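Feature annotations, reproduced from TrEMBL:
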DOMAIN    1-292  domain 'UvrD-like helicase ATP-binding'
BINDING   ALA21, GLY22, PRO23, GLY24, THR25, GLY26, LYS27, THR28  ATP binding site
Amino acid sequence: MINEKQKLIVEDAKYPAAVLAGPGTGKTFTIVQKIISLIKNDGISPNKILVTTFTKKAANELIERVESGLKKENIYADTSNMLIGNFHSLALSFLKEYKSFTNKIFDPLVIDSHIEGYLIEKNMDIFENLPNFSKFISYNEVGQIQGIFANITNNLVDLDELRISNDPRDILALEIYLAWANFLDENDLINYQLILKKFYDLLKDPFYGKKIRDRIDFVIIDEYQDTNTIQEEISFSLCKGKNLMVFGDDDQALYSFRGASPKNLRDFDKTCKMKMKRKANFYHLDINYRSNQEIIDKSRQFLVNSNAFDLEKIKNLRANDGEKNENSVVRARANEYENIENIVKFLNKKINLNQIAFLFPSLNSDYPKALQTYFENHGINVLNKSSKLFFKRREIRLCLYVLISIFSKKPKKLTGSNPDKYKWTQETNFKKYLVSIFDDKEFTKNEELNAYIKEEKLIIEENKSYTDILYKAFGLEIFREILDKKIDKLNSIRQLSNIGKFTSILSDFTNLCGYDINYYKKSVDLIYGYIFYLFKNSSISEFENFDAPKNSVIFSTIHQAKGLEYDVVFVSSLNDNPRKDMRAFSPKLEAKKESDFLKNYYRKYYTAFTRAKNLLVLLDNSKNSYLKNFAFSLNSSSILKTIDFKFKEDIIKKEILAYTTDISIYKSCPLKYKFIRVLDFKKEKSKSLEFGSKVHSLTEYLTNLKKENLSYHAINDFIKENKEFQKPIENFVNRNFPIKYSEMNIKLDRFSYILQGNIDIILEDGTIIDIKTGKADENNLISYKNQLLTYYNLLVYNNKKVNKIILYFIEEDKLIEVEKSDFDMKNIDEIGKNIVEKNIEIKTQDKRQCKFCPMAHFCKRT
């Protein structure tokens, strides 16, 4: 049921607009209703509404709710190519479409901060040779280099200002930025900061910027209080008029340490007047649908008592049900573990354990570790959302035992060689770690395991990839007893997903190195370079993509809990105290933001408190005097039976499923789907897949050049150097297809899931074409035809006319028309239903499907 303030925002808001939405006030619901209203009442096409969310997960939830909402209201709208995502995913999609702006034919490889850190460390000589580098940067070199690069890009620092500066720090910062930007460009890599910088440049280009703005009629930005300078600039650059609406809550601003600023939200009116020549309109959501009034009031009182905020600006929220129970906020003795255990076990009679969360500023302190150990020793499972135990786990030690035994030798010297004491300690710890694996008796005494290792060492000249060797090892009993487990218990989730993460580590490394590598020679860099970097920085977290099972309480950082809610929340600040954000390398690199670290500190705990629905418990071991005093102002006991707890019913989440990456894989084998899609087991691309991917990129690039009436010079130059692409590209050009759309993403709500497909080409007469590399044969034609018939049905259900359905084998220049036969969507729906219900433990009976499956050794189907 929509409330009056939500209705005003949805139906009658004036633009530009800022919606100040307190915690639990139905912000996502309002955004969904706003999108539906824009489509239904304002006649705006769904693919002309751009929406940014904070995470990809939030974007997928928004897409699902919009699709379902449109269907519920019987609104038949074209939802193909909807522009909903986080800043980075939307930026990448536009950069991919307008590659001619960068003259890059192929998409660069996106690297995260961990891969980037490893690459900086590996190529440190690039920076060490810069004048004044050792003078100004003598410790944490990787972190400082990343910080300098991020500050310059995120804060849109003028490079010319650095260039003419008299401060040698500015000159060094500029040289570091240019050196690293050049390295990334030369190696076809892109980091998160450059994604946004290149998108910003694209939007500022008169030609491309106008083309993008002409495609967008309305812009919605979520979590605006957590945007930084470049994101704010992008938000306004997307608008061709006044149609901008931002949602946020400055009281929940958590990311000042990344350069984000709630000032962007508070100064929204000022910015609108400057950039749009219009005043902003402000709207408020103040009915809390989440928490008991007592939790709402005490959380507000926490901000009031801090004396850090203007009283008038602190939101006054009211609970939807109006109920206020003084037992809903309480203090507990942190060090009386048995008492906390009793509380948790009592609560478990009323609610599931995964409805209980313990929130901390960090999970690396002694207290959460000790409490987790106590819980686990007393029969309470704990899902630790930021566990740094990855490399200590048995399953990871086992994976490493296989690799280091084949590709390396036991270190003879157990100490590091770096003259820097800290780095020496890191090297020493890693060597000792490797030795502990080499000497692990469980592994050394396993005859089958060591026979396999011996066999692989004898044929090392065959140059098998790291993942090939690991996947073959999955057929050994020591691996099979892990991999055979279902994804239903905490330990099995951890073990299986950790092995999946390890395969990602190996495939990521191979993707960085390229495909024509000598795996034996590269193994030193893999083990003592990349894996060492991940090990010493505790880079790999556990359980990232998994919800907690019913029988596990959740240990999480406050930042990880943002946007979530729990029936019961325990909070402790531990040793956390207000601290200033780390200063930038030089004043010119500083973000133009407020630097009120006290407010940032109190906002963090306000956010933590407001995650609670029915019970908020402050633990009394906070070292910060204000938090400690606040905790001691609360009752030390609560009559829990007065609180209306309810077991949370299982909700099967509606998922967005693609035919090629979901339906087709599940159809071939549900068990394969479990490993490849749910657990994210990875393998580097084969050369044939890489070739096919590049051919698709080339055809897409050619199509966009044709749309823009631009020259083919870059393509011609590329083909001169890469003759293997000449024939397929000439075939495509000579066909001269009258293309209306390319790379169309289309979705359809199918009740229990949302089906999506990506159609390569739609011609002006409505003919759909899917481009394939390789040869047309009986083995792949059936699957390809089913894929195209699915796309045909997606278009028909979305009221689009389809002429012919064609498979185009580009290397053979062969067109195969697919008959519009009766295609049973019920079969697709049954597969979709099985996927969302997690029926993924069944092995296919069709052994032909196992021929190219990486899990064939595990299944004994080789």
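A Cβ is built for glycine as well, from the same backbone N, Cα and C atoms used for every other residue.
On the 0 to 100 pLDDT scale, the model's mean across the domain 'UvrD-like helicase ATP-binding' (1-292) is 95. Secondary structure at THR28 (ATP binding site), taken from DSSP and collapsed to helix, strand or coil, is helix. Sitting within 8 Å of the Cβ centre of ALA21, GLY22, PRO23, GLY24, THR25, GLY26, LYS27, THR28, and not among those site residues for ATP, are the Cβ atoms of THR30, ASP249, LEU285, ASN288, TYR289, ARG290. In the three-state DSSP classification, ALA21 (ATP binding site) falls within a strand. Long-range Cβ contacts of ALA21 (ATP binding site) within its own chain (separation 6+, distance under 8 Å): LYS27, THR30, PHE247, GLY248, ASP249, HIS284, LEU285. Spatially close to GLY22 (ATP binding site) yet at least six residues away along the chain are ASP249, ASP251, LEU285, ASP286, ASN288, LYS315, LEU317, judged by Cβ distances under 8 angstroms.
For GLY24 (ATP binding site), the Cβ neighbour count at a 10 Å cut-off comes to 22, with all displayed protein chains included. Counting other Cβ atoms within 10 Å of each Cβ, the lowest count among the binding-site residues THR25, THR28 belongs to THR28. Here the binding-site residues are PRO23, GLY26, and the one ringed by the most other CB atoms within 10 angstroms is PRO23. In the shown protein chains, 21 other C-beta atoms lie within 10 A of the C-beta of LYS27 (ATP binding site).
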